[in-house]
Amino acid sequence: MLEDYYPSTTSYYHGGIDDDLYTAKWGMVMTFLDLNDSSLTPFEGTHFALIGFKSDKGVYINNGRVGAVESPAAIRTQLAKFPWHLGNQVMVYDVGNIDGPNRSLEQLQNSLSKAIKRMCDLNLKPIVLGGGHETAYGHYLGLRQSLSPSDDLAVINMDAHFDLRPYDQTGPNSGTGFRQMFDDAVADKRLFKYFVLGIQEHNNNLFLFDFVAKSKGIQFLTGQDIYQMGHQKVCRAIDRFLEGQERVYLTIDMDCFSVGAAPGVSAIQSLGVDPNLAVLVLQHIAASGKLVGFDVVEVSPPHDIDNHTANLAATFIFYLVQIMAQHN
């Protein structure tokens with residue numbers, strides 16, 4: 001039995017039900033699935049599993065604006081309203097949440113990793129609704145556990161921050177997840193392939209830039225780089241990064257976007273990547289056929305305005321799933 005795991009029991013869709021797929025919405029089509037059901041066998045074809053990670057403990061430890069614990073419900077509500085374009089050959093299963101208000105950050109990350117591995121064993125593509133960016137380490141661990149030690153797993157992070165902070169004295173938080181991944185790779189004598197899109201210089205100290213400069217497998221583009229390059233050159237940079245890689249895990253921190261597009265985040269961003277450009281880049285990553293799982297994190301509903309940020313996060317999920325369904 002999975003720990004800290006709660007299957008979904010409540011629908012987030014409150015509109016009229018229509019059997020016609022031409023007019024269906026996500027909320028009509030998504031089906032509940034209990035990962036603890038021992039009768040389940042691996043699914044055939046391309047299907048997705050949506051799980052919430054109800055934790056912003058890492059944000060609290062990192063002195064951010066708490067509230068991301070409420071994000072999974074907010075994103076589900078927005079996603080349920082979107083039109084369904086995938087016919088009846090692709091399914092998105094809502095498998096519930098990882099939740100544990102009295103559990104430690106490390107315990108919740110471990111619980112998420114086990115749930116992710118269970119999804120992969122069932123041949124379901126994981127979609128995780130954070131939660132703070134501590135979500136990423138649990139998601140990454142689960143993906144790695146589903147692979148053999150020699151299998152590669154590159155990481156692309158759309159984020160204003162490197163999230164490579166040391167954690168030896170403070171313990172892990174929302175800003176340390178990718179340093180934990182890096183350290184795991186070093187311990188296993190693997191190269192940590194990590195590409196950050198949307199870095200803002202005013203959000204990262206010199207220690208982090210120095211760490212990146214000395215690390216062979218880490219690359220980044222600043223938000224200003226992306227603005228100047230345009231999506232086609234950014235996509236070519238991603239292609240070069242993924243050359244020779246078989247798998248990539250994608251994580252989207254909503255603080256990558258300006259406060260005008262994403263006001264409800266744990267750490268607001270005055271600058272930021274254009275969401276329209278981001279959609280094109282995300283679709284390109286999905287079209288590589290290498291994307292094995294993704295998450296959206298750091299949506300903070302108590303700080304949102306008219307669900308702008310939750311809706312944008314749901315929009316990214318919509319377009320990623322559309323492309324992944326065609327290229328997997």
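For all residues, glycine too, the Cβ spot is worked out from N, Cα and C.
Per Swiss-Prot, the feature Mn(2+) 1 binding site maps to HIS133, ASP159, ASP163, ASP253; the stated evidence is sequence analysis. Neighbours of HIS133 (Mn(2+) 1 binding site), defined as other CB atoms within 10 A of its CB across all chains, total 33.
Neighbour count (other Cβ atoms within 10 Å of the Cβ, all protein chains): 30 for ASP253 (Mn(2+) 1 binding site). For ASP159, HIS161, ASP253, ASP255, the entry in Swiss-Prot reads Mn(2+) 2 binding site.
Apart from HIS133, ASP159, ASP163, ASP253, the residues listed for Mn(2+) 1, the same chain places the Cβ atoms of ALA136, ASN157, ALA160, HIS161, SER174, GLY175, GLY177, PHE178, THR251, ASP255, CYS256, VAL297, GLU298 within 8 Å of the centroid of those Cβ atoms. Between the CA atoms of HIS133 (Mn(2+) 1 binding site) and ASP255 (Mn(2+) 2 binding site) there is a gap of 10 Å. Local packing around the binding-site residues HIS161, ASP163 was summarised as the count of other Cβ atoms within 10 Å of each Cβ; on this measure the leading residue is ASP163.
Remark: ASP255 (Mn(2+) 2 binding site) has ASP159, ALA160, HIS161, ALA262, VAL265, SER266, ALA267, ILE268, GLN269, GLY272, GLU298 as non-local neighbours, by Cβ distance under 8 Å and separation of at least 6 in sequence. For ASP159 (Mn(2+) 1 binding site), the number of other Cβ atoms no farther than 10 Å from its own Cβ, over all displayed protein chains, is 27. The secondary structure of HIS133 (Mn(2+) 1 binding site), as reduced to three states from DSSP, is coil rather than helix or strand.
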